[in-house]
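J.: Quick one: this structure, given as structure tokens, is what I'll be asking you about.
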């Protein structure tokens, strides 16, 4: 039986004035897929991810989440937005983002950060949200002592693990990771990648923008190489890394794998 389609992005474009950043990018993620998006800085990777959950408004394209077509209309600037605010709210509970710079609320404790969205967006009681938050904080290795601290008192690796717990607490269909290790000191990268690998092994559906070629090669089920806003090459990791066809991808990997 074919796996259930969790996310389908069709022919996504993004323009800023006359400059086209995304030139028709498509992606299909089935349940349990781990899709890594690689490419040079400025290739459109993060913009693509942000357009998927409408932190950026795409210019053209269609997005289907769990078989449900997202109803899009044009805003006054000609960009696409979700027609129904309730559908946008639902979309963001189904596709949760882990950001490069953590984006934790500085005035809330670690535990409060993870409880907030389940209470405000999902309507959970404080008791249920607390139980859920404790479960996912334990999953990412944040102990009780750290749970009462404010983000400023945590290492970057701990903050990013809290950010992952916060995304997991929404129990989404797809986890979106936007370069989750690029703001970390090198010695802290491994602890975050280990959590992500564990999530992949548990069958979580993930779309990951990353510069971590080891993760992309060994954990992904599918790899997309973006170049100048287009998919230059894609395939399974062994194909993309072991036998790249595009000269641009060959050059990129030569530089990345030194």
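Note that Cβ sites are derived from N, Cα and C of the backbone, with glycine treated the same way.
According to Swiss-Prot, the protein carries these features:
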DOMAIN    7-253  domain 'ABC transporter'
BINDING   41, 42, 44, 45, 46, 47  ATP binding site
J.: May I ask you to report the DSSP-based helix, strand or coil state of residue 42 (ATP binding site)?
T.: coil
J.: Only counting partners 6 or more residues apart, tell me which same-chain residues put their Cβ under 8 Å from the Cβ of residue 46 (ATP binding site).
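T.: 100, 178, 179, 209 - these are the non-local Cβ neighbours of residue 46 (ATP binding site), listed in sequence order.
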J.: I need the least crowded one of these binding-site residues (41, 42, 45), counting other C-beta atoms within 10 angstroms of each C-beta.
T.: 41
J.: In the predicted model, what is the mean pLDDT computed over the domain 'ABC transporter' (7-253)?
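T.: A mean pLDDT of 95 is what the model gives the domain 'ABC transporter' (7-253).
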J.: Taking the Cβ of residue 47 (ATP binding site) as reference, which residues of that chain separated by at least 6 in sequence fall under 8 Å from it?
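T.: Residues satisfying the criterion: 14, 21, 22, 56.
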J.: Relative to the Cβ of residue 44 (ATP binding site), which residues of the same chain, six or more apart in sequence, are found under 8 Å away?
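T.: In sequence order, 14, 21, 22, 25, 226, 228, 229 meet the Cβ cut-off.
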